[in-house]
Amino acid sequence: MWIPVVGLPRRLRLSALAGAGRFCILGSEAATRKHLPARNHCGLSDSSPQLWPEPDFRNPPRKASKASLDFKRYVTDRRLAETLAQIYLGKPSRPPHLLLECNPGPGILTQALLEAGAKVVALESDKTFIPHLESLGKNLDGKLRVIHCDFFKLDPRSGGVIKPPAMSSRGLFKNLGIEAVPWTADIPLKVVGMFPSRGEKRALWKLAYDLYSCTSIYKFGRIEVNMFIGEKEFQKLMADPGNPDLYHVLSVIWQLACEIKVLHMEPWSSFDIYTRKGPLENPKRRELLDQLQQKLYLIQMIPRQNLFTKNLTPMNYNIFFHLLKHCFGRRSATVIDHLRSLTPLDARDILMQIGKQEDEKVVNMHPQDFKTLFETIERSKDCAYKWLYDETLEDR
């Protein structure tokens, strides 16, 4: 039995039409719990979950003026650049991948990569650096291409005309002659750079949505991303039930999606900081001074070939994200409490199938446990509907 999909958000409409996730819609103009057929009353609770909206990546909240807080970090130390070039290129016996370098700035790392034999596409968002970057590629037979583009603004969700440095990944990859390969194929290319200093979490969310939906850069295959990330966000990303205070939704999403490896650690002080006015010689803002005491971690994120299964697909991943957000929204609650709000299926039976007790807490569930939980619900045949949500709460 299939549900009507009128009024569903686009991603959920696709899920319903594809059969990946069956919903019982609860709302003022839809069936309520009391209208459900008796065979579907499987452990229902009195409350229904809010379907969490997709994050808006266009307008990040600001606590102060943009000019006073925005800054970028660049590799300007020659020795560090040579070290990173060796890390990115890997073993000499392997043919080098095409490298997409994000915001290379003054091009110290770019030059080291070229000297090591790499083929580089420099995606630079600041026009000031472009002439110098282009000069590095002279007499190199096309080993360097420089494009005015901000990697973190690829495929903006705002709609309308895309203006540089934002860009369409389809147009970018077509211009570079890069074709899509199957998900099970080898890594087609590498992306290297640094997450935005004031937008690491936001960038991780955008990439997560792109990866699980196989859109943007991930439409072309299992793109390897190598990024420097701040110490605090790194600790959260790698947290597990052993670190419950740091363990959160992105921990689960990324640990399931990718093999994550630390390639290098470097103090903040090893990088030069630039603002819109140029190099920042004497940072005085307390927030920045605190960051300078931390380390930056260079992490490698390679998407897993076995991420997608019959029951977790690019068509229903958004339901999985909703399950995680719902659970970590009340992280101290038991899993069974959340299940009673998320699905009309028998919550006790589901927990029994995945080998968990009724008193299992959210923060005690490992990433693979959440995936197993989701897939168990998806493949269940006990009820006509798999998931519950209240469409009247959707956009609140």
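Using N, Cα and C of the backbone, Cβ positions are placed for all residues, glycine too.
What Swiss-Prot says about this protein:
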- Val75, Glu124, Asp150: S-adenosyl-L-methionine binding site (BINDING)
- 44-64: region 'Disordered' (REGION)
- 1-19: transit peptide (TRANSIT)
Can you count the other CB atoms that lie within 10 A of the CB of Val75 (S-adenosyl-L-methionine binding site)?
25
Out of Glu124, Asp150, which of the binding-site residues has the smallest number of neighbouring Cβ atoms within 10 Å?
Asp150
Three-class DSSP assignment, Glu124 (S-adenosyl-L-methionine binding site), comes back as strand
Val75, Glu124, Asp150 bind S-adenosyl-L-methionine per the record; greatest CA separation between any two, in Å, is 17
